[in-house]
Amino acid sequence: MKRLWIPGALVAAVILLALLAPWLGLADPVRQDIAQRLAGPMPGSPLGRDEFGRDVLSRLIWGARTSLGVAFAAAAIAGIVGTLLGLVGGWFRGLGELLAVRSMDVILCFPPVLLALLVVTLLGPGASTLILVLSVLYLPGFARVTYAEVLSARSHDYVEAVRALGAPTGRILLRTVLPNIAGPVLVQLSLAVAAAVVLESGLSFLGLGVVPPAPSWGLMIRGARATMEQAPLLLLWPCAALSLTILAMNL
């Protein structure tokens, strides 16, 4: 447990900065100042300015707010819906199993990146589209994990005891089964958030995610690529933030 406090503290710090971004007194992340284009570190801009003269530190923190906001929203939606589907499929079996769990195999037939590219291309880029796409992509993972855990839990003595007392099915699932399978579901949630951050950044890098000039780590990497010879640090900051956040989430 001791070795987990460093990645945990890093993730907590990133989330805290993202949440407090509006109250940190940062520069406007979308305000352009061409006269300061590619300027190095200076008072008020410790990480310098980007290709449009925007404050890099401000965009980095606001980009964390965007990337993590999309990832957590998508993972939360996928977690709630997928867990409910897994509960229904694992408890009722039969038609419930077919509709709730086996239908998830259809989504798994498609490569995640290609499916995301297809949907975003059809619906257009934007944060809401990203949340929709990512929640659909990570839905099967929650459904399958919950389904497997419910199949195991339903034969345990504590579940049989509650059923013998005549408790309604909904109460059994939500009050007895769900708390006892929460561990694997929470692990799946952390993995889904980390994967969603990566995919959101990738789609934004391709121009199919967050719409400019809104800050996003993927957009920052895309913009810095064109000026990496003149200002290599512009590429370093978002790449380091993305890599360290994903690494910490997966430890």
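Using N, Cα and C of the backbone, Cβ positions are placed for all residues, glycine too.
No curator has checked TrEMBL annotations; they are predicted automatically.
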Between the candidate ranges 155-173, 231-249, where does TrEMBL place the transmembrane segment annotation?
231-249
Using Cβ atoms and a strict cutoff of less than 8 Å, what residues sit near the transmembrane segment (185-211) while being 6 or more residues removed from its termini?
66-68, 70-72, 74-76, 78-79, 83, 112-113, 116-117, 120-121, 125-127, 130, 134, 137-138, 141-142, 145-146, 149, 217-219, 221-222, 242, 245-246, 249-250
